[in-house]
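S.K.: Before we start, here is the structure in question, set down as C-alpha cells.
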C-alpha cells in the first residue's frame, strides 16, 4: 500500500511539474526545534493519510459485510427451497417406486425381509450433528439426490412431454441466457468503474498528501516562506468565514505560489472527476441492485404478465399437477384393492395351510399305526418261521426214525425167519426122537448114520440160519454205526447250535439295548417335535398378529402421508408468505440502514466541521499571537512558542510522544495512560473515544 501511494504521489508530482519540489534557500538557519517540528508534521500527515485509508476501508468493509449478509440469506433461502424441492421429488418418486415394488412375489419379499433384518442387526446409525451452512459433502449429496430424483421423474413423465413444452422450455432457457449475459456485462462494467474509481481515489489521496505537505508551516519555514502564508494555507478555503479572514490577513507576501495554484487546480479537477465517478458508480450500483433484486425476487404475477412462455409452462404445470393428483388417487385405489386382495390371499393361504396340517397329522397318525402293525406282523412272521423250522427239523428226525424202524423191522423179519427155521429144526429133532450122544464107539452103523443124517440136517439148518444171522448182524452193525454217527452228528450240531444260540443271545441283547436307546431317542425326538410344533404354532400366531399390525401401520402411514402432503402444501404457502414478509422486512431494514448511514455521515461531517473550526480558531489565535510577537521582534519568543507546540497540551511538562489513531492528536504517554486509567477514554480536543490499542508511539 505504501509503495502504491509513493508511486501515485510520484506520478502526481511529475504531472504537476518538477518545480514543486525545487530546493529553496532558507531565510534563516534551521534549528533542531524546526527539524523536530518538521518530523512531527510529517508523522501527522502520515497519520492523516492512514486515517483516510482507514475510513475508506471501513466503509468498504461495511459494504462488503452487508453484501455478505445478503448473500448468506439468499444461500440459506435457496438451500431451504432446494430441500423442499428434494423432499417433494423424493415423495413423488418414492410413490412411483412403491407402486413398482408391490409387484414382487411373496418368496422374494421374505428373502428381502430376512436380509433386511440381518442388515439391521449389523447396522449402527450415526445421527449427523446440526450445522449452519451446508458443507461441500452435504451439497454434493444433495445435488446427487436431486439429480437422481429428477432423472427418475423425467424417465417417468418423459413420454408425456410434448414438443411444444420442449420449445417453451428452450425459449425460457434462451431468455435466461440473455439475461445472464446482460448481468455479466453490467458486472464487468461495474468492475471497470470500480477500478477507475479506485485509481482516482488513490490519486486523490496522493494529492491530499501533497497538499498537506505544501500547507505544512515547518516545510515552508525550511523552504524560506513566511509563517503568515503557512497559517493561511492551513485554513479551510471552502468556508466563507475563513475566506473573509484570509482576505483581511492576506498581503502581497502571503499569496500562493504558482505551483500551489496548479496543484490546487489539479486537486479540484480530480475532486470533480471523483464526484462524477462516484455518482456514476452509485447510479450503476443502484441499477445493478435493482436488477439483482428484481431477478432474485421475480413474482409470478410479473412472469405471467411479461412472459407468455412462463404462463404456458404454469398452465402445463397445473395440468401435470392435476394428472399427478389423479394418478395418486388411482394409485391409492389400486393400493386399497391390492391390500384387499392380499388379505384374501392371506386368508386363503391360512385356510389351505390349516387343511394341509390337518391332513398331514392324519397321515402321520395312519403311518404310525401302519408302522406298528408292520412291526407286529414282522414279529409274528418271525415266530411262525421259527416254529416252521422247528417242525421241519422234527419231521426230518421223524422220517429218519421211521426209516431206521423200517430197516429194524426187516432185520426183525429175517431174525423171525431164522428163528422159525430153528424152531422147525428143533421140532423135527424132537419128532424124530434121536438121542445124540457123544460116545460114538458104542453105537452101531445105523445109529451112526442116523446121527450123521441128523447132524447133516442140523448142519443144513444151521447153514441156512447163518446167512440170515449174518444179514441181521450186518444190518444191526450198520444200524449201530449209523446210530453212533447220528449221535456224533447230533452232538456236533448241538455244539454249533449252542454256539449260535450264544451269538444270537448276544445279538439279541445288543439289539434290545439298541432298541432301548432308539426308544429313548424316539421319545426325545417326539418331545422335540411337540415343542417344535408348539413353537411353529406360536410363530404362526405371531406372524398373523404382525401382519395385522403391518396392515394397520400401512393404513396409518398412508393417512400420515396424505396428512404430510397437506401440511407441506400449507407450509409452502406459509413459506411464501414468510418470504414476502421477509423481503418487505429486508427492504425496511435496508432503508433503515441507509438512514443510519446517512445520519452517521452527517454526524461525521459535523464533527469534522467542528474539529476543523476549532483547529482554524486555534490556528487563528496562534497566528494572531505570532503576529503580535513578530511585531515586537522576539525570536526567542517564537522558539518558545514552537517549544509549547511540541510540549504536551495537558501537562505542559512532557514532550508529545503518543498519538491517537482515531483522530491524530498527539499527547505525552503519561497523560494518555492517566486518562485511560481514570476511564476518561475520549480525546480532550475532539471528544472521539479511544482505547489502549489506539495509542501510537511517535519518535521525534
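Cβ from N, Cα, C; glycine included.
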S.K.: Any idea which of 39-78, 119-158 is down as coiled coil in Swiss-Prot?
M.R.: 39-78
S.K.: Averaged over the coiled coil (39-78), what pLDDT does the prediction give?
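M.R.: For the coiled coil (39-78), the model's average pLDDT rounds to 80.
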S.K.: Let's see if you can do this one: DSSP helix, strand and coil counts over the zinc finger (648-687), in that order.
M.R.: 9 helix, 7 strand, 24 coil
